[in-house]
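Here is what TrEMBL records for this protein:
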BINDING   SER235, GLY236, GLY237, VAL238, ASP239, SER240, SER241  ATP binding site
COMPBIAS  311-321  compositional bias 'Basic residues'
DOMAIN    208-329  domain 'GMPS ATP-PPase'
REGION    296-329  region 'Disordered'
Amino acid sequence: MTDNIHKHRILILDFGSQYTQLVARRVRELGVYCELWAWDVTEAQIREFNPSGIILSGGPESTTEHNSPRAPQYVFEAGVPVFGVCYGMQTMAMQLGGHVESSNEREFGYAQVEVVTDSALVRGIEDSLTAEGKPLLDVWMSHGDKVTAIPSDFVTVASTETCPFAIMANEEKRFYGVQFHPEVTHTRQGMRMLERFVRDICQCEALWTPAKIIDDAVERIRQQVGNDKVILGLSGGVDSSVTAMLLHRAIGKNLTCVFVDNGLLRLNEAQQVMDMFGDHFGLNIVHVEGGEAFPGRAERRERSGSQTQNHRSRVRRSVRRRSVEAGRR
């Protein structure tokens, strides 16, 4: 039995930032499963997902505008850590009793924040020190609005000359907000902050790794297929090749791959597919010559959408015929 690779999971609520996909990538680089959802999810959806922690992304809107996006209130009632990034911090502050204002001094680009209060989020993380020995962090800002009053049960963790609340925290509830973007490489210690939140504060283990994802897929295939035989149309492309290797690892000789040579492949490509999957990897693979089933097979031409669909239909028919033949034996 493989590990439950979805046991620990992070939910990212997307408020429209250009960097939101990068947040998801960073979490996955930490070996933790995550999903990215729109900000207006329901309480029932969050309960069903059962996250170990929630990240609120940045976004282009202004929290001071009427009907601007807000996090579902259940986010702050679920009893899990919450990490607000830029807009995510601002909506967290407003929804929990703080205040946000539009600023005449927009911050975009490099900034240096000074850590003024100890916090689990940044403890032991620094780029340099002030003359008084306080930690400094090199970060990347991109905001116009700023928090001007934090919720009463939060503390100021870090600030800049123009941003009095660059990091805020409620350690008891494990709520954290940063005005900068830890997901971008310009924030030099950003990955360490995300790791601190995901691994230490949310206590997520690194279960979402390539090796464990493969093991999980193989186990699920075995449970679904059992002792049945499987026939797979193998083109040599990425999708069918990955599928073939997973199936082969899961059910071995109960897999038969059908490779249809349509005559439109590159020089010697058909033989390369047969050599790689048959001789090198040891798959049971059948080479089917498409013959006249593929009109214009020797011609070099562009295919329209309908021609491409017809081509795929012919490949499927070739694979089905081979499936019937195999079933008769």
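Using N, Cα and C of the backbone, Cβ positions are placed for all residues, glycine too.
All annotation found in TrEMBL is predicted automatically rather than curated by experts.
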Filtered by Cβ under 8 Å and at least 6 apart in sequence, the residues in the chain of SER241 (ATP binding site) near it are LEU234, SER235, PHE277
Near ATP: residues not in SER235, GLY236, GLY237, VAL238, ASP239, SER240, SER241 with Cβ within 8 Å of the site Cβ centroid are LEU234, VAL242, THR243, ALA244
Across the binding-site residues (GLY236, GLY237), the Cβ with the fewest other Cβ atoms inside 10 Å is that of GLY237
Given the binding-site residues SER235, SER240, the candidate whose Cβ has the fewest other Cβ atoms within 10 Å is SER240
Cβ atoms other than its own within 10 Å of the Cβ of VAL238 (ATP binding site), all chains, total 8
